[in-house]
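Okay, so here's the structure we're looking at.
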Amino acid sequence: MRLYLASRSPRRRELLNQIGIDFDTVVFRDGMRADSETDETPLPGEKPVAYVERVARAKAIHGLKIVEERKLPMRPVLSADTTLEFNGEIIGKPVDRADAAAILRRLSGQTHRVLTGVAINHMGHTEYVLSSSEVTFREIDDEEIRHYVMSGEPMDKAGAYGIQGRAGLFVKHLAGSFTGVMGLPVCETGELLKRLGFRPL
């Protein structure tokens with residue numbers, strides 16, 4: 001049994017492969033941000049937990065629309081959304097290098113929460129699960145931030161860092177799911193898939 005992954009993220013593809021799930025990718029419009037038909041702008045007063053659920057569910061629904069428009073075989077559509085919460089504020093992907101550096105300076109020496117919501121749309125019904133992790137950074141100096149931003153790694157990632165990459169050097173403590181911080185919590189995703197008859201591994 002195969003599913004569709006509604007994401008451009010190479011990390012999510014890698015993690016699905018890791019747990020033995022067969023999938024095809026349904027991508028969004030070329031030349032635009034991933035998930036371009038999904039409004040990722042936080043609503044006024046929207047809490048981070050509600051935000052990540054809304055966006056993950058919307059991505060799954062939009063992925064299903066792509067499947068229908070292309071007249072592809074009907075299968076479950078999996079999507080995910082990752083965001084950071086710092087002092088109650090939603091922190092998404094940086095808009096440019098200056099923004100990435102500013103985000104990293106804020107996170108330096110602090111603890112933040114990483115929320116990843118996973119949604120699977122199947123037969124008109126959406127199942128959802130949330131992974132919540134706390135990450136503590138050591139103090140990061142300006143030179144380290146400059147070098148890291150120049151590497152380009154922060155630019156497509158919520159919170160301006162990838163824990164599986166060079167930013168692993170900044171992580172002093174992690175409480176939660178490493179793969180959830182990467183963008184797809186494999187334990188929670190596996191449990192969600194089992195409800196639909198998939199057998200990870």
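Cβ coordinates come from backbone N, Cα and C, glycine included.
Taken straight from Swiss-Prot:
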- ASP81: active site, proton acceptor (ACT_SITE)
- ARG11: site 'Important for substrate specificity' (SITE)
- THR82: site 'Important for substrate specificity' (SITE)
- GLN164: site 'Important for substrate specificity' (SITE)
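Annotated features, which come from Swiss-Prot, shown on the structure.
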{"residue": "ARG11", "record": "site 'Important for substrate specificity'", "CB count, 10 Å": "20"}
{"residue": "ASP81", "record": "active site, proton acceptor", "CB count, 10 Å": "26"}
{"residue": "THR82", "record": "site 'Important for substrate specificity'", "CB count, 10 Å": "27"}
{"residue": "GLN164", "record": "site 'Important for substrate specificity'", "CB count, 10 Å": "16"}
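Counting only the Cα atoms, the space from GLN164 (site 'Important for substrate specificity') to THR82 (site 'Important for substrate specificity') is about 15 angstrom. Note: the CA-CA distance between THR82 (site 'Important for substrate specificity') and ARG11 (site 'Important for substrate specificity') rounds to 12 Å. DSSP assigns ARG11 (site 'Important for substrate specificity') to a helix in the three-state reduction.
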